[in-house]
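Data block below; observations after.
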Amino acid sequence: MNIRILNSREDLNATAAAVIAGLLLTKPQAMLGLATGSTPIGIYRHLADMYRKGQVSFARAYAVNLDEYVGLSQNHPQSYRNFMNEHLFRHIDIPIPHTHIPDGNANDLEAECAAHEQAILEHGPVDLQLLGIGHNGHIGFNEPGHSLTGYTHVVDLDERTRTANARFFGHIDAVPKQAVTMGVGTILKAKQIILVAFGADKADIIKRALTGPVTTACPASLLQCHPNVLILLDQEAGGWFH
Ligand code: F6R
């Protein structure tokens, strides 16, 4: 693993955006694996700026997202489809048919999971997967447990995850109880992975994921098995590393 500790969140966002833009310069038709949540917002802002300045184009790129809440319509303000439209897609030139996010409101969620895997098979593999990390070590919505699922599947959200995400919904009762998520197998098939974390509240779980045992009790620890992972941390999340 290549671990980089940046001086500021701005440096971190700019570094991640530069890696993504660099990939698109060498491979314009790359498939990007994208994340939601608070972590990637600044990275997406940088990418949108770079697009506006003519430094990068997404016209031939594909995007596949990690996850989506079950039960929210795609235009619900907190759906991840809406998140991606607001924070990235509507600011860049990616064709919307090139973007794949599971429909958490689909009648047949199993078919929706299979379609997500199929989209990755058709246009992938994922060249670069962007990840955040949950306080419990989840990646995507692969929650800690006795076992993990390889492929895209429906998952019951951990209470810690629902509590953490209540800040976006106003109240925990409004947070969906399930999500569709890429599995850890799907994630680990990406050619390159960038995990980004900032803030002191992520320091303990980052240390566990990077230096602790590889275990389903901390899904992010499985990244230790991947040959091409870049970890980008700010001083607060990575201070323990010196
Ligand atoms: C989001 C996702 C999650 C988040 C994680 C961290 O698509 O898959 O794993 O990356 O919950 O969320 P934030 O960035 O809000 O701390």
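Positions of Cβ are set from backbone N, Cα and C atoms, glycine also.
Annotated features in TrEMBL:
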ACT_SITE  D67  active site, proton acceptor
ACT_SITE  N136  active site, for ring-opening step
ACT_SITE  H138  active site, proton acceptor
ACT_SITE  E143  active site, for ring-opening step
DOMAIN    13-225  domain 'Glucosamine/galactosamine-6-phosphate isomerase'
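Figure note: comparing Cβ neighbours within 10 Å for the active-site residues D67, N136, the maximum is reached by D67.
In this structure, the active-site residues that sit close to ligand 1, with a C-beta under 6 angstroms from any of its atoms, are D67, chosen from D67, N136, E143.
If you take the C-beta of H138 (active site, proton acceptor) and look for same-chain residues 6 or more apart in sequence within under 8 angstroms, you find P144, D158, T161, P219, A220.
Mean model confidence for the domain 'Glucosamine/galactosamine-6-phosphate isomerase' (13-225) is a pLDDT of 97. Around the Cβ of E143 (active site, for ring-opening step), the same chain contributes G134, N136, V155, D156, L157, D158, T161, P219, each under 8 angstroms and 6 or more positions distant in sequence.
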